[in-house]
Every structure is written in structure tokens, then in C-alpha cells.
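*Asks:* As annotated in Swiss-Prot:
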- R47, G48, A49, R91, Q199, N250, K251: substrate binding site (BINDING)
- C159: site 'Transition state stabilizer' (SITE)
- D240: active site, proton donor (ACT_SITE)
Amino acid sequence: METHIRYSRQDRTLILLDQRVLPTVEEDFYCNDVADTIYALQTMVVRGAPAIGVTAAYGCCLAAYEAGHPAPHAQWQKELDTLLEKLAQARPTAVNLRWAVERMRSVWKSMGDPDLNTLIARWLDEAEAIHEEDKSINRAIGRHGATLIQDNDCIMTHCNAGALATAGYGTALGVVRGAVDAGRTGITVIANETRPFLQGARLTAYELHKDGIPVTVACDNACGLLMQRGMVQKVVVGADRIAANGDAANKIGTYSVALLAREHGIPFYVAAPLSTIDRATPSGKQIPIEERPAEEVTHVGETRITPEGVPVYNYAFDVTPAHLIAGIVTEQGVLRPPYTASIARAFAAADKDRS
């Protein structure tokens, strides 16, 4: 499943599989400019930190076309900077969004004073590189994560950190796929439904079912019972931002799952690329938490389920403290506490690999 993010150079169009209507409908959403891309990000046509980063990289290319339309003018650089900042602010929690925009911006600045067409050509190559890198990174995460999984393990996951949330293969689901690819047998998955947007029930179950990996959907509030009954051996989740100390922001409800895992002696792992680790954020206290529209909670489809006038908390993410995390699975291996040190070593190793 690696065709859910596509870019047509000929049509200058970013094509996204619309995740809002999965699993019952498979249809594409077309982004022709920055406004379309921001809409896709904010309404969760595309979601998941790595996938957001890849989308943002292509969105920068659309921004360049837009800044020069109908023809390059004296102010195109200023206009492009404005469009890039709008794109970077589309969703506040997922650090890969700004990471991708800043990577594209740094390529631009390294070119001196390029003309617009030269910049666009270079950016398209860079966006495609980011796209392909993420696929390779996720497979590396899967290989490292597979070492944590034994035959007959039942793995609980929360939200969707699979192929749909990345360029392909997945982070948390990459660990599952990596274990299966490594020959582990009897692997099963419990996908928490993940209210209110139901990424687990709709997307994780969709992916794994397509792959033939046994998956069972569970109500979010059944986690404790399932663990208490010995039905869960590992928990593996993704992340939208990881602080320098190892605190991890992920879909709302993840913190509760981590607490339950600790109570029942079940290892709780986070799987994410190094690009999701924000070393400029000291701890989870500094991670901004997005609030989403109340209608996601007050309505099921078109039907209202809460009384008019009753307020709603609809935080999209929570932060799991580092002390609840047994390991962070990255492309550089499984990081262990203390995370400040192991994160620093992982980045140093990655820098060495690139040099």
C-alpha cells in the first residue's frame, strides 16, 4: 500500500487517497494549490505525521507554482515564503509538517537566487526524495521492531500508524509487518477503534485485513479488560511528535493505554522516524495539542448525539511520559531510557551515516 500519496508532474497535481471515507469508499482527493493541501491536512484527507511531511513537501512545489502564477513576478519569493508559512501552520502537533517545509526551504536558500523554474525542478526532486526516504525508513523501523516481537504475540495498537500514515509500510504497523516478514508466526493485532475519528476501526483494520494479518477491533474502553485477561502481549503505537526527553505525543487516548499497559506489566513501545523527534522541544509540556471541531464528537454521521449547547473537549492528541515507554523504535534501532542520551546517540549515528 504505497500509492495513497502520488504526484503528477504533468498535471502539477498532488493526488491523495481520501482517508475520510475509507474503508467503504476508495476515492482520490486532488490538490492543485496550497489551499487544497491545507484543506486536505486539516480535514484529515491525509493524516499521520510522516504522511503529513510527505504531503507538505509536495505542497511546497504547489506553492512555488502558485507564487509564480500566471508568470513569475518581482514579488514571487515573498509570496512563496508566505505560502510556505501557511502550509507549515496547517496542523500544530505533527512536527513532520514543519520539518518538511523547513527542509524544502533550506534547499531553496542553499541555491542562492534561483529562478522559479529551476527551484521547482529542484524541489520536485527533493519532495520525491523525502517520499522514497520515508518508505526506506519505515522498513528499517519494521526490521528493528521485529526483534521485540515473539511468535503468537497479540499486539495492541492505537490510532493508525500504518502505510496510510506514512509513505508506505508504516511505523507501528511497520513493526507488525516486519515481524511477519521476519517469519514470526501466530501474530495478531488488536486495533483500538480510536474515537472520535475511528482511525483504528476504519484504517488500521482496513490495512491489516487487506494484508491478511489477523486483526480484531476493540472499543477504546475495553483496553483494560483485554489486558487484564492476558490477551495483549505488546503495545506498539506511532507518534506525531517526540520531545528531546522521550515524551511522545500521539492520538488522544494513547496515554491511557500506556498507563494500563504499565499496570499490567505489558511493554509499551513507540515507533517513529527520527524526523518525528523534535530536539528543540525539551519535554511533552511544550508540545502544542491540537483541538478539533466539536462536531466530530457531537455527531455520528449526520445525526447529533449530544444535547444542543453542551460543550465538548475534542483534543486530538495527548502526551505519554517517557517513563511509561519501554523503547522508541527508529530507523537507527530501538532507543532505550534514558532517552535524552539515546536520542542524541541516534541522531549522531544518522549524521555519521549521511557523511
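Any Cβ shown, glycine's included, is placed from N, Cα and C.
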*Asks:* Note down the number of other Cβ atoms within 10 Å of the Cβ of K251 (substrate binding site), including every protein chain shown.
*Replies:* 28
*Asks:* On a C-alpha basis, identify the one among R47, R91, N250, K251 that is nearest to C159 (site 'Transition state stabilizer'); the candidates are the binding-site residues.
*Replies:* K251
*Asks:* List, in sequence order, the same-chain residues at least six positions removed whose CB sits under 8 Å from that of Q199 (substrate binding site)?
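*Replies:* Looking at Cβ-Cβ distances below 8 Å from Q199 (substrate binding site), excluding near sequence neighbours, one finds R47, C159, N160, K251.
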*Asks:* Taking the mean position of the Cβ atoms of R47, G48, A49, R91, Q199, N250, K251 as the substrate site, which residues outside that list, in the same chain, have a Cβ no more than 8 Å away, listed in sequence order?
*Replies:* I52, A94, C159, N160, A161, A165, G238, D240, A316, F317
*Asks:* Sort out the sequence-distant neighbours of N250 (substrate binding site) for me: same chain, 6+ apart, CB within less than 8 Å of its CB, listed by position.
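*Replies:* The list for N250 (substrate binding site) reads H158, C159, V237, G238, A239, D240, V270, F317, D318, T320, given in order along the sequence.
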*Asks:* Taking the Cβ of R47 (substrate binding site) as centre, how many other Cβ atoms lie within 10 Å?
*Replies:* 26
*Asks:* Judged by the number of other CB atoms within 10 angstroms, which among A49, R91, D240 is the least packed of the recorded positions?
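*Replies:* Across A49, R91, D240, these recorded positions, the one with fewest Cβ atoms within 10 Å is R91.
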*Asks:* Around the C-beta of C159 (site 'Transition state stabilizer'), how many further C-beta atoms are within 10 angstroms, looking at every protein chain?
*Replies:* 29
*Asks:* Please report the DSSP secondary structure of D240 (active site, proton donor), reduced to three states.
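*Replies:* SS state of D240 (active site, proton donor) = coil.
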